[in-house]
Each structure stands twice: as C-alpha cells, then as structure tokens.
Amino acid sequence: MARQPYRFPQARIPERGSGVFRLTVRNAMAHRDSEMKEECLREDLKFYFMSPCEKYRARRQIPWKLGLQILKIVMVTTQLVRFGLSNQLVVAFKEDNTVAFKHLFLKGYSGTDEDDYSCSVYTQEDAYESIFFAINQYHQLKDITLGTLGYGENEDNRIGLKVCKQHYKKGTMFPSNETLNIDNDVELDCVQLDLQDLSKKPPDWKNSSFFRLEFYRLLQVEISFHLKGIDLQTIHSRELPDCYVFQNTIIFDNKAHSGKIKIYFDSDAKIEECKDLNIFGSTQKNAQYVLVFDAFVIVICLASLILCTRSIVLALRLRKRFLNFFLEKYKRPVCDTDQWEFINGWYVLVIISDLMTIIGSILKMEIKAKNLTNYDLCSIFLGTSTLLVWVGVIRYLGYFQAYNVLILTMQASLPKVLRFCACAGMIYLGYTFCGWIVLGPYHDKFENLNTVAECLFSLVNGDDMFATFAQIQQKSILVWLFSRLYLYSFISLFIYMILSLFIALITDSYDTIKKFQQNGFPETDLQEFLKECSSKEEYQKESSAFLSCICCRRRKRSDDHLIPIS
C-alpha cells in the first residue's frame, strides 16, 4: 500500500468578527505606527544635523539665523570700531596730560622714567627744591599750562594741595660709631595749603617747622592735589566733550634710606558729567544717531539670543525623543558621545557673545549719555563679544571639508594638549621660582615672579636671548655660572623637547583626522541610525497619503513638530 505524504495542518484564518482577527489588526497597526514614529524621528534627526544650505534645499526653509548672524557680525564690528576710535581719544588725552603733569610738577624731569619711578634726587638741597618746585608750579598753574586745566576740590571740598610726611617717631643715628637708636612707630603729619596761603608774600609757609625734614627719620613725603580739565578733541569727531578730574599724587620715597630718594608721579583720571554744555552744530544730533545704532544692535542680539535659546530647547526635546526610542527599541542607553551631539556648542558661544554684546551696548549708551564713565568695563564686554562673534564664523566654514580639518583637529587635540600643558606647566613654575630667588638680585628681568614668567615665555619664543644672557651682573662668579646653567637648560628643554612634543601632538591629531576623512570616521549609534534613512527613502516615497497624514497629526499633538533650525 502506497504511503500517503504528510499534510501540514492549515492555519485557521480568523473570522472578521473574532477576537483573534482584532488582535492581529491591532498588532499590525501598532507595528505600522511604530515604523511611522521611527521614520518621523529619523527624518527630524536628519534635518537637525543638516547645514543651512541643505535645509533650504530639503524644505525651502530660509536660513534666517544665518542671515541674522551675518548682519550681527557687521553691526557688532562697526560698533566696536566706533567705540575703539572714541576710546582711543580718551586714552590719548589721559596719557598726554600725565606727561604734561610730569614736566610741570617734577623738577628736572627728562621726559623718560628712570625705572618704575619718574626721577630721583641725591642731596637734601635737591629734595627741598623738588618739593617747593611742585608747590610753586601748582600755584602758578593757570599762568604756565597750555591745556584746559583748572583747580579742583579735594576730599575736604577745598581748593589747594595737601602735603603729608611719614617718619619714624623718634631716634638718633651715628653711622660712624655704628650706633642706632630708633622708635619704629610711624607718624603721619599733614598740612593743607590753600591758594590763599600760597599767594602770600613772602611765602611764610616755606619757613614752617613742617618742612624741616630729618632725613634719617623720613620715610616719604606725599603731595596730592586735584585738577580739572575738558577734552575738546572729541568735538572734531562729532562727539560731546568729556570733563575730567585728575587726582595727582607726587611721592618722595625715602624708605630705603640708601641716599637716593625716588620720586613717583601718579595721575588717576576720572570722567565726570559736564554740568553745562552749550555746543552749536551737529554734535548733539550725531550722538542721538549713535544711540539709535546701539539700540538696533541690542535688538539684533536679542533676536539672535532668542533663536539660539529656542534651538537649544528644541534640540534637548529631540534628544529626549531619541533616547526614549533607542532605549525602547534596542533595550540599551545611548552612549555619551551621541548625547553630546545634540548640545551645539556654537549656540552656547553665540548666546554668551549676545549677552556680552547687550551688556556692553547698554554700558556704551550710558557712556554716550554721560551717565557712566567706566570705559574699561565696556571695552572688556564689547571686545570679548566681538572675539566670540568672529570665532563663531568658523562654524559655517566647518561645513566645507577643507576648513573643517582645523575644527576637527582642534577638537581632537585639545584634551591631549591640556594634559601636556599641565605637566609642562609644573616644570615651567619650577624654573620661574628658581630664577626669581637666585637671579632676582642680579638681573632686572628676574626681580619679581610676574617678570620672570614673562621673560621665560619670551625665551621659549626665541626673543631677547642674547640680552637675557648679557644683562646678568657678574658680581658673583657662582651666580654667573648658575645663570648659564639655568638659561641653557631651560632653553634646550623647552625649545628642543617640550615645544617639539607640543607640535607633535597637534600633528598626530591632524594626521588622524586626515585618515578618517579618507577612510571614513568610526560610526556611532546615532550615525548608524541615520544611515538607515537612505535605505528606506523608497519606502517613504511609496507610503500612502493616509500614513503621512497620520504621522503629521500625531506630531501636532505635541511639541515634536518643532525642529531646531540652524
């Protein structure tokens, strides 16, 4: 009898009204819904990582943010240049007046400072003459000055100058017998000389006991006075003039008691609002135009700040969608590298620059309105913001492969460079402290830590090598030999070894980036997920209009339809 072939039982087709049929349809719909959700997420991710030009070609979306950034660069740079020219006039006026004051009030001033002090005296007669010369010049100021200067009130609201002297309380000294008896308590005596006192004839103030100085006890004599001036050169730039208060101080320093009294001159200029300005012409109108321009810059920066903040918020929402989807489908979290891809550092840079530009523009408007006089703080904000704005241009250059190498090389080499600099910095600090303590008494460039650090840094760049070797004093043969060993070892170590290794780190990162560009970068989970997009484009084209409608309707029920715009 022939053996019949085995027949597999046929699957039972569920009837339309049965529960199995409804479950099958529900599973199919859930699968279809999951696929649509995945495709929508993949499409949003792909659009987010596009360049502005690619976004325009993909959806005809005008890159408003790119245009706004270009306009902001032009406006901020123009604002900085105008403020820089105005600030240059302020600095020049202060420096010129300081030089004029030194020639007016310092007897025998040659035009160049001897060191950190202006000049010096070596005899008692020269000391008395220098003190009396400064006082007499102050009295005759209006007759001898070439500038727009006048007398100002001091802290006591009195017009005049104040003379103070510091000296030890009491003591006797006999150097020939090597005998010293002194009380190291310091006394401070001051006298106020008004214009009326200085105008008396004969000038009896010179014969007062206050000016009988015992130089072996004297520590210093300080002459302080206030002057007022008006900067008229701003009118040529169609700006309102500034009124200045110069707080001048002349110090005769005898603390070393070395037979040399160093004379220091310090002038602290403060800008004050002029009480009564009557200027005819277009200067006032020009100031109003500048204020309107600054207000327009603030509006542009506010718009840029809002757009970048919005993009970061939407990027974080998109990141949350991707993390939840990845965890739900693949049952594992996304790596940290992929998570940081959603945090656009350029947006953070733009936000910081916008905030600094807004603050700097407000300060600049207050300065123009003569309600604020702090040019330095405004310069820091405007200068730093302009620096960040121009650095942000690199982001758009990075879309081109030829320019992107610089950005990728900096990103790849930065961690290694920072670790290397930390190690090299320890050696650098060691040389700094050693040079300061050993060579400080014998070399001008090693007198303090700040100067030593600057000197060593210039040696690394190859500057002033011969001058550094030649200026060492040869009073001590031991120190002279140590200086040669110190300088030769530092130059050899940092130029031929540390600096070469520093360059090698950057070169290695550059070579690695070039290989990756030729052979492809290692793909992360995010890149592999986006790579599937190209393989499913045909499916997206053949998808029904009903599914597209469902996808759009589902996205409208939440904030997922908001896609970050670059």
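Along the chain as shown, the residues are counted starting at 1.
Positions of Cβ are set from backbone N, Cα and C atoms, glycine also.
Look at the topological domains in Swiss-Prot: Trp64 and Thr373 end up on opposite sides of the membrane. Listed in Swiss-Prot as the disulfide partner of Cys274, from the options Cys243, Cys301, is Cys243.
Secondary structure of the topological domain 'Extracellular' (441-448) per DSSP (helix as H, G, I; strand as E, B; remaining residues coil): 5 helix, 0 strand, 3 coil. Per-residue pLDDT, averaged along the topological domain 'Extracellular' (87-288), amounts to 83 for this model. Cys243 (disulfide bond) falls within a strand when secondary structure is assigned with DSSP. Proximity of distant same-chain residues to the transmembrane segment (347-367), defined by a Cβ-Cβ separation under 8 Å and at least 6 residues beyond the stretch ends, is recorded for 69, 76, 79, 83, 291, 294-295, 297-298, 301-302, 304-305, 308-309, 311-312, 373-375, 377-378, 380-382, 384-386, 388-389, 391-392. Rounded to a whole value, the Cα-Cα separation of Cys190 (disulfide bond) and Cys274 (disulfide bond) is 32 Å. Here Cys243 (disulfide bond) comes close to Lys228, Gly229, Ile230, Asp231, Ile271, Glu272, Glu273, Cys274, Lys275: these same-chain residues lie at least six apart in sequence, with C-beta atoms under 8 angstroms from its C-beta.
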